[in-house]
Amino acid sequence: MLRLARLAASVPRLQARPTNSRHSMAYSAKIGPSILSSDLSCLGSECVRMMECGADYLHLDVMDGHFVPNITFGHPMVECLRKTVGQDPFFDMHMMVSRPEQWVKPMAAAGASQYTFHLEATTNPGNLIKEIRESGMKVGLAIKPGTTVEELAPWANQVDMALVMTVEPGFGGQKFMEDMMPKVSWLRSQFPSLDIEVDGGVGPDTIHKCAEAGANMIVSGSAVIGSDDPRSVIALLRTAVAEAIQKRSLDR
Ligand SMILES: O=C(CO)[C@@H](O)[C@H](O)COP(=O)(O)O
Ligand SMILES: [Fe+2]
């Protein structure tokens, strides 16, 4: 409890809301299974299965063995997945890579919809945001647990989505870090229409914390993929977020 209070106190004090926001639309509940937890030899059919179970988008975790201590896949895999699932599914690329600049064009060509890079991995976020947009993708900006929202805030009006990591990036199946919730609450208070994503350890047991804090894009790996009934888990997660959004709009 003491630790939570201390963390809550460490998030920035409320400031005037920025006026030049690019987020004019109201946000909605969206659930994106992380396919990292699936049988990697069947990624194509797993993506199709998740979409059939009601996923709103697919969260694809790219790891380079340098930014994080694990390796997954890169743009050649994305190109194959795009061919398998067709043009419609939204691919949110979670780029856990050093030098994210180098994969913007290959990922765009492969069919990525959104390029979510880590603030910790670049020295020039402004330029990278511009490059991603010029390549025709949406922009996501992620922060690791040790990075403050104060560092993300200056870029929030220029991106489509902010990702608050709720585990140390690198592996699926880790324990949800509840002490990241003050970051989400603060972002929601400052950027009322921003898409805010949480990623790591999110499932039926932890979704209410995320929803109450104001997250609306929910990544869930092991809780969805490992379930006997992924359709019900996806529906449960979406309902929790939709109810929190409705409550917030009534409270305003
Ligand atoms: O980016 C990551 C891990 O680095 C995530 O996307 C996880 O893959 C989510 O899996 P669960 O924690 O939900 O099992
Ligand atoms: Fe992820």
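In case you wondered, yes, glycine gets a Cβ from its N, Cα and C as well.
TrEMBL annotations: computationally assigned, not manually curated.
Listed in TrEMBL:
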ACT_SITE  Asp61  active site, proton acceptor
ACT_SITE  Asp199  active site, proton donor
BINDING   Ser34, His94, Gly170, Phe171, Gly172, Gly173, Gly201, Gly221, Ser222  substrate binding site
BINDING   His59, Asp61, His94, Asp199  divalent metal cation binding site
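Same-chain neighbours of the substrate site beyond Ser34, His94, Gly170, Phe171, Gly172, Gly173, Gly201, Gly221, Ser222, judged by a C-beta within 8 angstroms of the site's C-beta center, are, in sequence order, Leu36, Ser37, Asp61, Val167, Gln174, Asp199, Gly200.
Gly172 (substrate binding site) sits 10 Å from Asp199 (active site, proton donor), taking the Cα positions as reference.
Taking a Cβ cut-off of under 6 Å from any atom of ligand 2, the recorded positions Asp61, His94, Gly172, Gly201 reduce to Asp61, His94.
Taking Cβ-Cβ distances under 8 Å and a sequence gap of 6 or more within the same chain, the neighbours of His59 (divalent metal cation binding site) are Gly32, Pro33, Ser34, Ile35, Asp92, His94, Asp199, Val219, Gly221. Counting only the Cα atoms, the space from Ser222 (substrate binding site) to Asp61 (active site, proton acceptor) is about 13 angstrom. Here Gly170 (substrate binding site) is positioned 9 angstrom away from Asp61 (active site, proton acceptor), judged by their C-alpha atoms. The 10 Å shell around the Cβ of Gly172 (substrate binding site) contains 20 further Cβ atoms across the protein chains shown.
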